[in-house]
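> To start, I am sharing the structure in question, which I have written as structure tokens.
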Amino acid sequence: MGERKVLNKYFPADFDPRFIPRGSKPKGDLVPVRMMLPFTIQCSSCSSFLYQGRKFNSKKEPVSGEKAKYLTVQRFRFYIKCSVCSRPITFLTDPERSDYEMESGGTRNYQVWRDKEKVEAEIKAEKSGDTSGADAMKALEDRVADSQREMEDLDNLDEIKAMNARHMKMMRTSGRPSGAEDVRRVLSAVREAEEKEELTEHGTTAEEEAQMAKIKFGSAAGAALSSLHGRDGDEEEEDERRERDRRAKNEALFAKSSASKCSNNSSEYDPQQGIKSIISIKRKRPRVVVPQKTSSALPILSSTASSEGNDLGALLGTYESSDDSD
């Protein structure tokens, strides 16, 4: 086992390389190549994705036919298999664009930069055409359109830069815990801009007035618009006069009813103020003292007591007289 790792091998003295059998390979045979995918591929059978940079054991062969070479540069075809369904997928080299070209078995993912290069190539091809004679005016129009496009691109770029600068200023802390102060400053500026808008007598802007004037509500459009903005001055004065008359009438009726009540209840009425002031007189009721009958009953009790005492004495006297006689 140690001999297979040596650098020098033993050749016997009678060695002749002409007698070594040589294997023959068919012309155009596939060559195994370990490579990475140059772009993302989606399989046409199972719709699975084979992403860019994934390693595959591919087979390489030279392209034959009319598109075999581009400016004497040989093109090659690569064979790989889908890792999910084992479908064969082939793609070619593209020396013209220094890229690869999808051939069969799948689809290549969309890439924006390829469309950009295609559009630029088309514009360049159009500009490189003949601009002499009748096409001079068209060439002038193209140049004017290009200049206008460049100016618009510059304006858009300046606007984006200004917006990014405002955002960075708002999000920059600069010693503060957060950008709350910048947010408050922006909100206050927005409020001031809204307050500076000129408002009409109805509290709306000129643009809002124009929009409301365009709205139609059928035959009652004028009435609805007038009710929206308020009544005229004459109508307001008429309403105020009617309100004053109604109040005066109510005060007169109230005064009349109050006067009748005052006359019945001996109350006072103040006609200047138009209100009732009733003074209720509260009379103090006399205190009634109930006479006591104890004095008249005492002599009766005393007389009865004396009479009872006389009767007792008489009885005792009779009792004593009977003892003595015995």
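Even glycines carry a Cβ here, placed using N, Cα and C.
Automatic, uncurated: that is what TrEMBL annotation is.
Annotation source TrEMBL lists Zn(2+) binding site at Cys43, Cys46, Cys82, Cys85. The compositional bias 'Basic and acidic residues' annotation in TrEMBL covers 191-205, 241-250. If you look up TrEMBL, you'll see 191-326 marked as region 'Disordered'. The feature compositional bias 'Low complexity' is assigned by TrEMBL to 218-228, 255-280. What TrEMBL records for 294-309 is compositional bias 'Polar residues'.
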> Within a 10 Å radius around the Cβ, which one of these binding-site residues has the most neighbouring Cβ atoms: Cys43, Cys46, Cys85?
Cys43
> Applying a 10 Å Cβ distance cut-off over all chains shown, what neighbour count does Cys82 (Zn(2+) binding site) have?
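The answer is 19.
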> Would you list, in sequence order, the residues of this chain other than Cys43, Cys46, Cys82, Cys85 that have their CB within 8 A of the centroid of the site's CB atoms, where the site is the one recorded for Zn(2+)?
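For the Zn(2+) site the neighbour list reads Ser44, Ser45, Ser47, Ser48, Ser83, Val84, Ser86, Arg87.
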> Which residue counts does DSSP give the compositional bias 'Basic and acidic residues' (241-250) for helix, strand and coil?
10 helix, 0 strand, 0 coil
